[in-house]
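Visitor: Take this structure, written in structure tokens, and hold onto it; I'll ask about it next.
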Ligand code: LLP
């Protein structure tokens, strides 16, 4: 039997699944389960791929890691090492980035409801730019900047009215969205006028849009780039506005299962650049700097979760449930989005499947299922199951439902493993609780 390998994944001499040159059974033994394992070489490869493509095409660019996909000090250090910029969406992500020593000038702050405290924090740290999302925010930030007699670079987030081909819950580019200013309904133009009218505090460097997530085609990006460039021509003539930066967000798809056929990340970049250049040249505009914000495509496939198999329940004529020692507390995506995953037994990833099982989590909820139909060799309690492609929105959406402590995170590279997030303890769980009396 074969399985789809990601990054440095390999089957070692003992026949075990190996990642980054480290035996996953050793990892499970050393750090316990559940355990998130990240293949650092694969993350580096992806980061370099995006950057190199821009360099080859000879355009000014920034590749900002959308850190909502997985945020931790070590991950920020890694992204800084690779020369990426950073997209943060909360005070918590910003704080973590600063703790990691991430260069503040390469941090971009997103969000549809940044609080006053978060804005102040962003100004205190002198981050690179704030992505303005709505009129309330223009007012809030304007007053704050005037008070402080300072100025900051901003991007205006627009919704170009394009629906990306993906799961409904994670669409953000269409008109009916909580994010950004509508291009078609005139709100974006009002926002630009407002921001340009306050040039003493706002240095408006450009526009931003994000059309969705887990997108497998370049069409949506090309349409978005085209639509925005069209609008920029109008604003160039009407408002004298020249966008130095065009940020087209993230959303590049990854392979969760054999049904997914993602493009090479570089393909998106090439197509986006082609469209922007074409539009700029045809209309006498200078080519803006192109920024992108990949999250999932940088870290998704690099993550694998190791679980230990526990109880087994056989429902005659229906299905066999195998329960693992984690579930929706460390990966809520199947429950929330009906997301699909593939997995193997870490001790025998090449062994022929002998049955189809349903992988259940251990949470008190029927919907806590990780995989509904997984072909697997016969397994017994205590064996390690490796679930692939859990690197994005796994740990970052983990929770303490049923007071289950969050698992640790390990980075593996060149035969060495490094603990980068500790396992939560029971003490951690009660740390913020106060007694009744
Ligand atoms: N930029 C902006 C403004 C975004 O809103 C997002 C994702 C990204 C970049 C990164 O998108 P990516 O390259 O990771 O697709 N929890 C959901 C995904 C929510 C994505 C929200 N925004 C999931 O687990 O699928």
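Placement of Cβ uses the backbone N, Cα and C atoms for every residue, glycine included.
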Visitor: TrEMBL has 293, 294, 295, 296, 393 binding pyridoxal 5'-phosphate. Which one of 212, 220, 240, 251 is in the same site?
Guide: 251
Visitor: Can you list the residues of the same chain, besides 251, 293, 294, 295, 296, 393, whose Cβ falls within 8 Å of the pyridoxal 5'-phosphate site's Cβ centroid?
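Guide: Other same-chain residues with Cβ inside the cutoff are 66, 68, 69, 213, 250, 252, 297, 298, 300, 392.
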Visitor: Taking Cα atoms as reference points, rank the recorded positions 68, 251, 364, 393 by distance from residue 337 (substrate binding site) and give the first.
Guide: 393
Visitor: Which recorded positions from the list 251, 294, 296, 333, 364, 365 come close to ligand 1, meaning a Cβ under 6 Å from one of its atoms?
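Guide: 251, 294, 296, 333, by Cβ distance under 6 Å.
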Visitor: Find the shortest Cα-Cα separation between residue 293 (pyridoxal 5'-phosphate binding site) and the recorded positions 68, 364, 365, and name the residue that gives it.
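Guide: Spatially nearest to residue 293 (pyridoxal 5'-phosphate binding site) by Cα position is 68.
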Visitor: Can you grab the distance from residue 295 (pyridoxal 5'-phosphate binding site) over to residue 364 (active site, proton donor)? Cα atoms, rounded to a whole Å.
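Guide: Here the two Cα atoms are 30 Å apart.
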Visitor: Spatially speaking, which of the recorded positions 296, 333, 364, 365 is closest to residue 68 (N6-(pyridoxal phosphate)lysine)? Use C-alpha to C-alpha, please.
Guide: 296
